[in-house]
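Asker: After the structure tokens below, expect a handful of questions from me.
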Number of protein chains: 2
Amino acid sequence: MKECKVIVMGFGAVGQGVARAISLKKDMIKERFNVELKIVAAADSSSSAICADGLDEELLVNTKNEFGKLSNYPEYGSTISGLDVLDAVEYDCLMEATPTNITDAEPALSLTLKAFKAGKDVVTSNKGHLALKFREVVSEAEKNNVEFKYEASVGGAMPIINFTKETLSSCGIKSIVGILNGTTNYILSRMASEGSSYDITLKESQELGIAETDPTQDVEGIDAACKTVILANSLLGIDATYSDVDVEGISNITSQAMDLARKEGYLIKLIAEVSKDKLQVSPRLVKKGSAYDLSGTLNMATVRTDLAGDVSVIGLGAGSLETASAMLTDLISILKVKY
Amino acid sequence: MKECKVIVMGFGAVGQGVARAISLKKDMIKERFNVELKIVAAADSSSSAICADGLDEELLVNTKNEFGKLSNYPEYGSTISGLDVLDAVEYDCLMEATPTNITDAEPALSLTLKAFKAGKDVVTSNKGHLALKFREVVSEAEKNNVEFKYEASVGGAMPIINFTKETLSSCGIKSIVGILNGTTNYILSRMASEGSSYDITLKESQELGIAETDPTQDVEGIDAACKTVILANSLLGIDATYSDVDVEGISNITSQAMDLARKEGYLIKLIAEVSKDKLQVSPRLVKKGSAYDLSGTLNMATVRTDLAGDVSVIGLGAGSLETASAMLTDLISILKVKY
């Protein structure tokens, strides 16, 4: 039986989801791939739990929920945090789930590069380093001959990167058009169905926990623009960064505009488009009943190909266990290649 | 530069699509995978073209279209056909695209088993042998340590088998529900939008070339039931054959039933469902505006998972180049593993 020791950096919703997903699936992975998966360290922003023999996944989640920090993990709680965690214990793969930062991509960037240099594989849900420095990060992975997987960075549980690379590998990709942000889709769907104003709908979405207290990243299209850059680089080979995307958010959409659209059989959706000629996130009219007529927090993407025509995927764009499932699928694909 | 020599058996729409797809993509495959792809034989039901150094893909298609049979291929045309083609030339992979036969699965079954025994990989678009003898065929592939891929057998260019296996590998699959037959979906969509009768709509669909002269396999749900069996075996590990599926077609659906459904906000669709408890193809009411409200010849499937929630795919369920693209993707996945 081989072992795969992972460090989970970032222990918010996604990091906790990774721990839960590993807890749920480690027996399946043992049976199917003959690999024993162990979390040897998990870290939040200021503390960690570290044990070379493996931590209890459920106890990690319970400790974080009860005490707010992992240093309270029985016996193995620690005040070590940040980059130092990667020096504190032997590991094989970094599961990087810190919050996205599109100013300087930290701490994801430093964590990822440090893991690469140590010859470790990395699976990430983070968009910051990919949106700002895609080429640099990917070429560092190649230079160090390690695996680097980032399916969870776009669309949460909606497979789009591996989907396009693996299941459409015979096809040339012309464009990808989709709804890549669940929060704005929820707000726009409610504005359309209820005729309510942007401000009121945003407030209600915040109360429901669907929109963040500071909703800027979602409603101004920043989150969708990051994903647009990641798709452009990874699937269309376009060497772009965040500043190359033409971005407009949804905060100026009025209920009057919604009404006008509806009367003509249209909806307003925040649409991301990736092609050789266009990197754009903007509100657009879409036909009622079309593939883009998607409600709630779902994400969707239509991949336009040369051989297979249009192929679309729809899935949950966020969620703790859902996003973690994409990271675990990435980890399994590494196990298949390396173990 | 390595070589991969393929034999294309069956030279109708799909077989010709394979030749065209290889013609379009052989340079990409050479560049990306360092493998030179060659068609060393192609065969229709009564003749073939065979050349160990490789045939011209476009000339194969043109010969078939002009003369109706491949024996007219310049210099390398032959009267060899059927199983004998596999003895006539050295090859690495059989691309099997003969018509589906759900009585005895021939000639696909014998061709496939013969290739396995000779240690050759097989990519198929055929449903017959999979629907009747899935376990037997797959275990023969395993016994002979060869690759056997069949994405194109379900959903044409809509990836569902590799999609579920590769991009949802962390998830347990609870069920798959979808629209797996484009012809019936086209007929039902037109009946709904035009209020026309089944008989008239079928006749018009036949004139457009969407329904076959003998439409039985499609309209009686046989085609969808074959696909249901393939998904049950390959993705849910259910040991089932064609006779285990509860099948009802669309030929008894009246325009009155359509009308009644429409008035209540529903459509009638031919829905396939695969779960541990149910293998069923039947007309069902689906909500207008739901994921199953799909028009034209598209296929769709919703995969219900334990970790990632529901994930759906939509794509073209048929078409020459489209279905061939799924076979070429399968071939590429073999190249990645073996070459």
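Positions of Cβ are set from backbone N, Cα and C atoms, glycine also.
Per TrEMBL, the features are:
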ACT_SITE  A:K227  active site, proton donor
BINDING   A:G10, A:F11, A:G12, A:A13, A:V14, A:G15  NADP(+) binding site
BINDING   A:T103, A:K127  NADPH binding site
BINDING   A:E212  L-homoserine binding site
DOMAIN    A:10-151  domain 'Aspartate/homoserine dehydrogenase NAD-binding'
DOMAIN    A:159-332  domain 'Homoserine dehydrogenase catalytic'
Asker: Can you figure out which of A:F11, A:V14, A:K227 (the recorded positions) comes closest in space to A:E212 (L-homoserine binding site), comparing Cα atoms?
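Answerer: Nearest listed residue in space: A:V14.
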Asker: Which has the fewest other CB atoms in a 10 Å radius around its CB: A:G10, A:G15, the listed binding-site residues?
Answerer: A:G10
Asker: Could you tell me how many residues in the domain 'Aspartate/homoserine dehydrogenase NAD-binding' (A:10-151) are helical, how many are strand and how many are coil under DSSP?
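Answerer: Per-class counts: 69 helix, 24 strand, 49 coil.
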Asker: Consider the recorded positions A:T103, A:K127, A:K227 and say which one has the Cα lying nearest the Cα of A:G10 (NADP(+) binding site).
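Answerer: Nearest in space to A:G10 (NADP(+) binding site), counting only the recorded positions, is A:K127.
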Asker: Please give me the CB contact count at 10 A for A:A13 (NADP(+) binding site), counting all chains in the structure.
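Answerer: I count 16 other Cβ atoms within 10 Å of it.
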Asker: Determine, using Cα-Cα distances only, which of these recorded positions is closest to A:F11 (NADP(+) binding site): A:T103, A:K127, A:K227.
Answerer: A:K127
Asker: Give the distance between the Cα atoms of A:G12 (NADP(+) binding site) and A:K127 (NADPH binding site), rounded to the nearest whole Å.
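Answerer: Here the two Cα atoms are 15 Å apart.
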Asker: Whole-number Å distance between the CA of A:T103 (NADPH binding site) and the CA of A:A13 (NADP(+) binding site)?
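Answerer: Taking the Cα atoms only, A:T103 (NADPH binding site) lies 22 Å from A:A13 (NADP(+) binding site).
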Asker: Over the domain 'Homoserine dehydrogenase catalytic' (A:159-332), work out the mean pLDDT and round it to an integer.
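Answerer: Per the prediction, mean pLDDT sits at 95 for the domain 'Homoserine dehydrogenase catalytic' (A:159-332).
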Asker: If you run the three-state DSSP split on A:K227 (active site, proton donor), which class comes out?
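Answerer: The residue in question, A:K227 (active site, proton donor), is helix (DSSP, three-state).
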Asker: Please report the number of other Cβ atoms within 10 Å of the Cβ of A:K227 (active site, proton donor).
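Answerer: The answer is 28.
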Asker: Using all protein chains in view, find how many other C-beta atoms are within 10 Å of the C-beta of A:E212 (L-homoserine binding site).
Answerer: 13
Asker: Can you count the other CB atoms that lie within 10 A of the CB of A:G12 (NADP(+) binding site)?
Answerer: 14
Asker: When you measure from the Cβ of A:K127 (NADPH binding site), how many other Cβ atoms are you left with inside 10 Å?
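Answerer: Its Cβ has 27 other Cβ atoms within 10 Å.
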Asker: Looking only at C-alpha atoms, tell me how far A:G15 (NADP(+) binding site) is from the residue listed as 'active site, proton donor', rounded to the nearest Å.
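Answerer: So the alpha carbons of A:G15 (NADP(+) binding site) and the residue listed as 'active site, proton donor' sit roughly 20 Å from each other.
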Asker: Suppose the NADP(+) site is A:G10, A:F11, A:G12, A:A13, A:V14, A:G15. Which further residues of the same chain have a Cβ inside 8 angstroms of that site's Cβ centroid?
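Answerer: Residues close to the NADP(+) site, other than A:G10, A:F11, A:G12, A:A13, A:V14, A:G15: A:V8, A:Q16, A:G17, A:V18, A:D44, A:A97, A:T98, A:S320.
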